[in-house]
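Report on the structure given below.
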Amino acid sequence: MGLVVSAAASCGRLRRSRSRSPPPAVLDPSQSPLSLEREAEPELIRVFRCFDTDGDGLISAAEMREFYGCSVDEAEEMVAAADRDGDGFVSIEELRAVMEGGGLDALRAAFDEYDEDGNGVITAEELRRALRRLNLDGMDLTAEQCAEIVAAVDSDGDGVISFDEFKAMMSKQA
């Protein structure tokens with residue numbers, strides 16, 4: 001479920017051309033029984049709506065697959081990791097638990113999705129392939145653009161993104 005972390009950063013760049021049903025009333029912050037602080041609530045709802053494309057108030061494996069462009073097995077695995085009540089879906093409460101409690105584990109899982117060869121760093125080419133898999137707004141960055149992103153995040157100048165640099169970048173996005 002670690003990919004949820006990257007969703008929070010990328011959600012605003014998703015294709016906006018999808019027709020969307022109005023969100024269920026439970027997602028209205030003024031009516032929500034959720035205990036999240038008011039300032040955090042809108043971000044949670046925004047991320048949840050990015051996943052919940054049919055507006056039924058639940059995230060299915062199919063919606064997870066559509067969002068990430070991953071395999072059926074990967075999508076089912078992500079849903080299962082967050083699905084605390086065992087109904088086969090991720091509710092907004094379950095997503096909140098992942099976003100609040102999954103912190104470091106979720107970041108590590110997101111980092112590992114980018115680090116294709118498992119060597120502990122993300123190269124510009126790994127970044128480029130990961131962004132293609134996510135297919136954000138049809139974005140297809142050049143190798144040079146990905147190298148610029150790596151350089152901007154690479155605080156120690158070794159030409160790659162370490163996990164610590166990834167954590168720092170994600171905390172700035174939050």
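For all residues, glycine too, the Cβ spot is worked out from N, Cα and C.
Reduced to three states, the DSSP call for Asp56 (Ca(2+) 1 binding site) is coil. Cβ contacts within 10 Å of Asp56 (Ca(2+) 1 binding site), excluding its own Cβ and spanning all protein chains shown: 13. The feature Ca(2+) 1 binding site is assigned by Swiss-Prot to Asp52, Asp54, Asp56, Glu63.
Taken from Swiss-Prot, the feature Ca(2+) 2 binding site covers Asp83, Asp85, Asp87, Glu94, and the record attributes it to sequence analysis. Around the Cβ of Asp83 (Ca(2+) 2 binding site), 19 further Cβ atoms fall within 10 Å across all displayed protein chains.
Annotated Ca(2+) 4 binding site per Swiss-Prot: Asp154, Asp156, Asp158, Glu165, in sequence order, evidence recorded as sequence analysis. Secondary structure at Asp158 (Ca(2+) 4 binding site), taken from DSSP and collapsed to helix, strand or coil, is coil.
The domain 'EF-hand 1' feature in Swiss-Prot is assigned to 39-74; the stated evidence is sequence analysis.
Positions annotated as domain 'EF-hand 2' by Swiss-Prot, on the basis of sequence analysis: 75-100.
Under DSSP, residues within the domain 'EF-hand 3' (102-137) fall into helix, strand and coil as 25 helix, 2 strand, 9 coil. Annotation source Swiss-Prot lists domain 'EF-hand 3' at 102-137.
Residues annotated as domain 'EF-hand 4' in Swiss-Prot: 141-174.
Under the heading N-myristoyl glycine, Swiss-Prot lists Gly2, citing sequence analysis as support.
Sequence annotations record features per position, and here Swiss-Prot assigns region 'Disordered' to 14-35.
Same-chain neighbours of the Ca(2+) 4 site beyond Asp154, Asp156, Asp158, Glu165, judged by a C-beta within 8 angstroms of the site's C-beta center, are, in sequence order, Val153, Ser155, Gly157, Gly159, Val160, Ile161, Ser162. Taking the Cβ of Asp154 (Ca(2+) 4 binding site) as centre and 10 Å as the limit, one finds 19 other Cβ atoms among all the protein chains shown. Under DSSP, Asp83 (Ca(2+) 2 binding site) is assigned to coil, being neither helix nor strand in the three-state scheme. Across all of the domain 'EF-hand 3' (102-137), the predicted model scores a mean pLDDT of 83.
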